[in-house]
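Undergrad: According to Swiss-Prot, the protein carries these features:
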type: BINDING; residues: ASP514, ASP520; note: Mg(2+) binding site
type: DOMAIN; residues: 580-639; note: domain 'KH'
type: DOMAIN; residues: 651-723; note: domain 'S1 motif'
type: REGION; residues: 734-782; note: region 'Disordered'
type: COMPBIAS; residues: 734-753; note: compositional bias 'Low complexity'
type: COMPBIAS; residues: 766-776; note: compositional bias 'Basic and acidic residues'
Amino acid sequence: MADHDVHTAEAVIDNGSFGVRTVRFETGRLARQAGGSAVAYLGDTMVLSATTASKEPREQFDFFPLTVDVEERLYAAGRIPGSFFRREGRPSEEAILTCRLIDRPLRPSFVKGLRNEVQVVVTVLAVDPEHLYDVVAINAASMSTLLAGLPFSGPIGGVRMAHIDGTWVAFPTYSELERATFDMVVAGRVLPDGDVAIMMVEAEATEETIPLIREGAPAPTEEVVAGGLEAAKPFIRTLCAAQSELAARAAKPVTEFPLFRDYEDDVYDAVAATVRDDVARALTIAGKQEREAALDEVANTALGRLGERFAGREKEILAALRALTKKLVRERIIREKVRIDGRGLTDIRPLTAEVGIVPRVHGSALFERGETQILGVTTLNMLRMEQQLDTVSPRTKKRYMHHYNFPPYSTGEVGRVGSPKRREIGHGALAERALIPVLPSREEFPYAIRQVSEAIGSNGSTSMGSVCASTLSLLNAGVPLRAPVAGIAMGLISDTVDGETHYVTLTDILGAEDAYGDMDFKVAGTRDFVTALQLDTKLDGIPASVLAAALPQAREARLTILDVMAKAISEPAPMSPYAPRIITIKIPVDQIGAVIGPKGKIINQIQDDTGAEITIEDDGTIYIGATEGTAAEAARAAISAIANPQLPEVGERYLGTVVKATPFGVFVSLLPGKDGLLHISELRKMAGGRRVENVEDVLKVGDKIQVEIRDIDARGKLSLVPVDVPGAVLAEDAGAGESAASGGAPRSAGGPQPREHQGPGRPRGRGGDHGGEGRQRTRRRH
């Protein structure tokens, strides 16, 4: 790039009636000191990617040290961060998931044995509200890596495909995604024969999938999803062509990097000759722990017999042993169609499902598949507990939150316990996406939902086990799911025979089959359609036809799992007595202020008096939640009295609460927002006719008193008189639940009885004009 020439290339994506999208690549203008830098544009979305390699290799590493970081800058969306310091902090969940989207196709594209650190930093500079940046970032990262002169088998093209009105649309806009039944990100590379090999897939149905299906849209079945993989291939080819064009003009020459083999041939040959039969016998043991113990003994045997011969090369001996183990596992599957634990290619491990195993929580379930064990726990709460998102995305809140935990003991190991790692965040997001399409709407079920998946035992596909456990737990919590969802992990073993590559697909893979296989293909769905899908591969691409063939095999397994789950629970259970009961009412928008009151005085008073939690939406929808139905009903009555008031009339009696004391009398709350004055002259009657110097000698804030409306003036001000003067003042714990019109028992102030215990040190009075018990403020008369 002499003289800092700026080079560009464009990929034009033609969606027919859905319009044209143009992805533009540019290099030479920004980040010129990076090993390779590129800017990718889609509409006004602008993403900068810089790829740099370290000068010296990390010889002590036995893996490729690739790091991908995505930096979301909130200025990209014209916003200032909401944190205390008003700057970006730790990456958002969306940024972490985008890191994984980039890493998964990039990592297998580097030459094997590379030990130099490679860092890809993607910075989101501008976000078009209509275009998602994650797929743009995949292409930008591929472009910058291609320009950096690294041993990289790119380019890699990434495209988002949405199934809208029966058509697959590339790079859909946000508004178009609202009409999509399926959303899929596909990354791949072009093979020498011109075909496209799929390297990564991340896909899910949408919140609107089931409503759209009911309106006549085609469901995202296995056949439809397979069609989407094929539809993505020409767009990937176009993106790769644009990157290759730019690289031909601006890429650095490929640098020769030192490559480090895990072992030399002489070590492998010696290991194979020494312990091959021992490894083969160990691999016939079905139990994971017993098999691993046997393999550990084989490793000790190999080190004991070969350690002196290959002194100082112990790491090579162990690496060669792993390679031998991998080879034997794959050979047995390819030739004998028998797996490590003795299963056939499509067999599923034993399944068990239970619900309601944890006391007091709102919902719980235990799902087991072989040695994989997932505990699911559901918590319900008010919508105010939705997660608030501070990202560049237009989404600002999330009602359903799925958190996945993977403690080290789940694999019988010791390790760090703390904040979630990228893998845990990714697994939780996958399970979340699998369940979102079947969740009830906010209107049908006005709750914030937190689902936690505890992977307490792991031997393959804890993420898909989390989907199953979560379905069971949600039903146990009483969540009316539109359909149950189950998931299964598929594997792939490939081998070359007579120059032709053969593929064998495995159902329900073990952890070892994941480690020694070529693919981890996770599929979740209902009985009728796919809700989520994820593909990771160690190869530099898999034919789309192989993936399409794996989908029906996954469906058969999914149906089997759903049958087992249905025996545990098939319908939503009654809600836990410890879960909040939420009722919904609608009030006129112009009454929202009256319900809230000055500085929240009225709504806080209602919440204090009833014990209910209240959330008010901008459209006048009010959600009232309480663990007891009576508290929620009391709050609803109080709100209705304000929003749809029945004006007090002369002669009506109320059981009121003293809310303010003044030199000329006390103000008594009859209804929320409706107070009346009990004049000091009336207090004299309660004091036996003697002069009252201090009104609080007779009544204090918080006291309850039976009063009658004597007069209502032209301004609506109420004058009160005490009823049955000798017993007018009630103790704090007097019954206050009854109400009636004049001539019967008195109405209560707002209907509900206040809670007796409000927490230590908390004043019973609340609001801007009155404080705690015994506190007096004077009010100047005008």
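FYI, residue positions are counted from 1 along the chain as it appears here.
Glycine too: its Cβ is placed from the backbone N, Cα and C atoms.
Set these features in their place in the structure for me.
TA: In the three-state DSSP scheme, ASP520 (Mg(2+) binding site) falls into the strand class. The Cβ of ASP520 (Mg(2+) binding site) has 21 neighbouring Cβ atoms from other residues within 10 Å, across all protein chains displayed.
Mean predicted confidence for the domain 'KH' (580-639): the pLDDT average there is 88.
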Undergrad: As a quick check of your reading of DSSP, tell me how many residues in the domain 'S1 motif' (651-723) are helical, how many are strand and how many are coil.
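TA: DSSP composition of the domain 'S1 motif' (651-723): 10 helix, 37 strand, 26 coil.
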Undergrad: Determine how many residues of the domain 'KH' (580-639) DSSP places in helix, in strand and in coil.
TA: 32 helix, 16 strand, 12 coil
Undergrad: Is it possible to get the count of other C-beta atoms within 10 angstroms of the C-beta of ASP514 (Mg(2+) binding site)?
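TA: Its Cβ has 18 other Cβ atoms within 10 Å.
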